[in-house]
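Student: Sharing the features that Swiss-Prot gives for it:
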BINDING   166-173, 191-195, 213-216, 280-283, 309-311  ATP binding site
BINDING   SER173, THR193  Mg(2+) binding site
DOMAIN    1-159  domain 'Obg'
DOMAIN    160-327  domain 'OBG-type G'
Amino acid sequence: MQFIDQANIILKAGKGGNGIVSFRREKFVPAGGPSGGNGGRGGSIILVADNNLQTLLDFKFKREIIAEDGCKGGPNKRSGASGEDTILKVPCGTEIRDFKTGIILGDLTKNKESLTIAIGGRGGHGNAYYLSNQNRAPESFTEGQDGEIWEVQLELKLLAEVGIIGLPNAGKSTLISVLSSARPKIANYPFTTLIPNLGVVRKVDGNGCLFADIPGLISGAADGVGLGHDFLRHIQRTKILVHLIDSIAENPIHDFEIIEQELRKYGKGLIDKERIIVLNKMELVDDDYLQIITKKLEELSKKKVLAISSSLKKGLSSLLFEVWKRI
């Protein structure tokens, strides 16, 4: 399935139905009074969060959604039927903004949470509404009001508690696959992962914790280079970041600094998030070299640095222990 995490759409609520002009025409009521009914309300457009969805793909080619109009009034003071509301399902974690102003209209983070965006127009009045002592046979009516029109931007931000970040080929997909039941595409070349992979990792008490493997970031990501902003936004909601570094990279220290710099440049509090620094592929380097890299990283980050082997499943208990301590 294609991963779409942004969509711009136009929402048009339904127009209210018109009121009508009508008079009672019954056999024994030769001079019947006004009986024109009111129009029905136009349908509104409501966004509803659905935890079964993981992408905004439904809106890729559906850029304009129009709700149903209300029906006109009827004789004998019958009101027209209201237009049916249009329900749009979106993934949990969808933020809704006014496209023109950028103002946040809502943020749907819980399953079945809803937000009415475009409200349907009110129905018009039929001539029965205008009956008075001064006017016993009104011929006035009003048309239904137009429904609201909104142009909005939908932006999906994943609700994972733990985000796994690092340069391409650091081993993020392998790590999430051994920690959870997720089965991401894995290969020995950069940018294998082009969408965030989600996996539930079980705690000792049986409760699940959602991990997200964020696609490989590169230098300049905060400025939109590579996958850039497309995926940096997904770590905004995480509680913890696991910064994975490839031990066999040409310069692991430089790799660490690249990601730290991108977090700092992107802003929005990313650099202040709790981070666990992890050296991966420890089985492929000798112990002396591993100790040297670990010491340098600890001096730079002012944090404890863990060493693991995702493929051999070494050091994972220590990593999870550090994660659970921070959640």
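Every residue gets a Cβ built from N, Cα and C, even glycine.
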Student: Let me spell it out: for each of the binding-site residues (ASN169, SER173, SER309), count the other Cβ atoms within 10 Å of that residue's Cβ, using every protein chain shown. Which one has the most?
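Tutor: That would be SER173, with the most Cβ atoms nearby.
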Student: Per residue, counting other C-beta atoms within 10 angstroms of the C-beta, which of the binding-site residues GLY166, PRO215 reaches the highest number?
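Tutor: The largest 10 Å Cβ neighbour count belongs to GLY166.
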Student: Comparing the binding-site residues LYS172, LYS281, which residue's C-beta has the most other C-beta atoms within 10 angstroms in this structure?
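Tutor: When each Cβ's neighbours within 10 Å are tallied, LYS172 leads.
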Student: Give me the mean pLDDT over the domain 'Obg' (1-159), rounded to a whole number.
Tutor: 92
